[in-house]
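Enquirer: Okay, so TrEMBL annotates it like this:
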| type | residues | note |
| --- | --- | --- |
| COMPBIAS | 1-38 | compositional bias 'Polar residues' |
| COMPBIAS | 39-70 | compositional bias 'Low complexity' |
| DOMAIN | 117-176 | domain 'CTLH' |
| REGION | 1-79 | region 'Disordered' |
| REPEAT | 296-330 | repeat 'WD' |
| REPEAT | 342-373 | repeat 'WD' |
| REPEAT | 554-586 | repeat 'WD' |
């Protein structure tokens, strides 16, 4: 261990269940069935308008079917459906209709007494899908009375006319398109910027050019379905359901279960076919990296630091024994083997930083070390050994995102920006640096100092500002990939999570023992959903980012755990470095029979948080 000197309201029944169905009367209106959709003359797979012309599957029509009088009459005896029950029936009907089960939809709507959508919406849908733009415009007048915001009619009309204009252009009917642009779109006085863009499409030489520039699928079912999806957003759900609503709700449910899963550590495909809807989503702790997979014992003294490369293929460990060891990660087995040893760090190695492309590795020493080593990891050669002054203390380093510069400093007041050859580019006087980080913008450098704060330094305009202020010394910190969150190890306080943008303390994580020794924590797992830290009580603690209590405590080390590193490419792999001279590699539970696994002497204690 390193000692450190730092002390939509309720809709009317007219738009949902039809009362007439309750007394056995026919609920069809103007050639529509009880579901509100126009009848079809097809076999139920393709959908047609009332005149029998076939259109695509997005039109919302359904096959005709007839319920017997006894079936309809039986509805008298049934209790009136609640709003929630009506909603479920309509969602199921919409989903079945999307599968082409149109006769089933019609029976469902007749038996329940519900209507899938308003007849005016059905007419509108069919006219849009048929490209009958004048009729679709007239339908808007009927829909106006059913909308919460009549002003939305202008936006809907604009979308209709835009589609009409593009289809005329694709068909080579330039004069007709020009008439739509000048005589219909422009008088709306809506979205003039978009009208200027649309006018530019008149110069397109052919249909392919038009589709490419307009990022448009072209005339046909696909673009008209997309148009309907946009138009539906302006209509109340009682008039026309949002597209694929049941699918959306199920996907949201799966995402919510994943977000509440303490051990979820893999990317979840949004495609519902990749998950089971019959069971709740749950991840087993045995899939989580809290079991010792390997113990690396090649160091012969305290191991102060460990860090996986950015591509996750290598691990670098630094020790009091004056060496840095580079380990290769097997992509299949995830086992590590010694790749090379970098020697000569007389004071020991307390901090390591990989260059953005993983070509170089910088090693720093403890407080009394005035030297910095820049190694070429590919060749094992020392490119630069930098020392500005024997009075310096170069204990921390951070790479600029361009990979051509780095910043380094220490607690004696040095703060330098250098190139790959160690040449001094800039310096900042009087900053007693404890830890450094370069933000993704390449301009701002974050530095924690002896005033228990983190400040942002801009080397371009030579400005600095306070970002984080703690009440106790900041022993180390790290920043999330997106640059928004900072994870601090604070003396006697433990691990704190800060929002750098809002400059607020988000969370204090409980359990870890943190005194005045430098301990390094990390973000990790898929989407950096987890946080891990070493501790002076010989354990590794893991938290879900949103919870204050640990979800796992990893035991096995026999002295202080100085540093943890989570593999950025393999979410199930983590490393920890300890004063006991070992580096432990953590992964999922071994592949054992279920009974053996249950009886396994696990070195991961479960925290029911």
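Even glycines carry a Cβ here, placed using N, Cα and C.
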Enquirer: What mean pLDDT does the predicted model reach across the repeat 'WD' (554-586)?
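Expert: Mean model confidence (pLDDT) across the repeat 'WD' (554-586) is 96.
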Enquirer: Could you tell me what the rest of the chain brings near the repeat 'WD' (554-586), counting residues at least six beyond its ends with Cβ under 8 Å?
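Expert: Apart from its flanks, the repeat 'WD' (554-586) reaches 1-2, 265-266, 287-297, 299-308, 310-313, 315, 317, 319, 329, 334, 336, 517-526, 530, 532-536, 538-542, 603-605.
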Enquirer: By DSSP, what is the split of the repeat 'WD' (342-373) into helix, strand and coil residues?
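Expert: Counts, helix then strand then coil: 0 helix, 12 strand, 20 coil.
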Enquirer: The repeat 'WD' (296-330): which same-chain residues, six or more beyond its ends, come within Cβ distance under 8 Å?
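Expert: Residues packing against the repeat 'WD' (296-330) from afar: 1-2, 336-354, 356-358, 361, 363, 366, 375, 377, 520, 559, 562-570, 573, 575-585.
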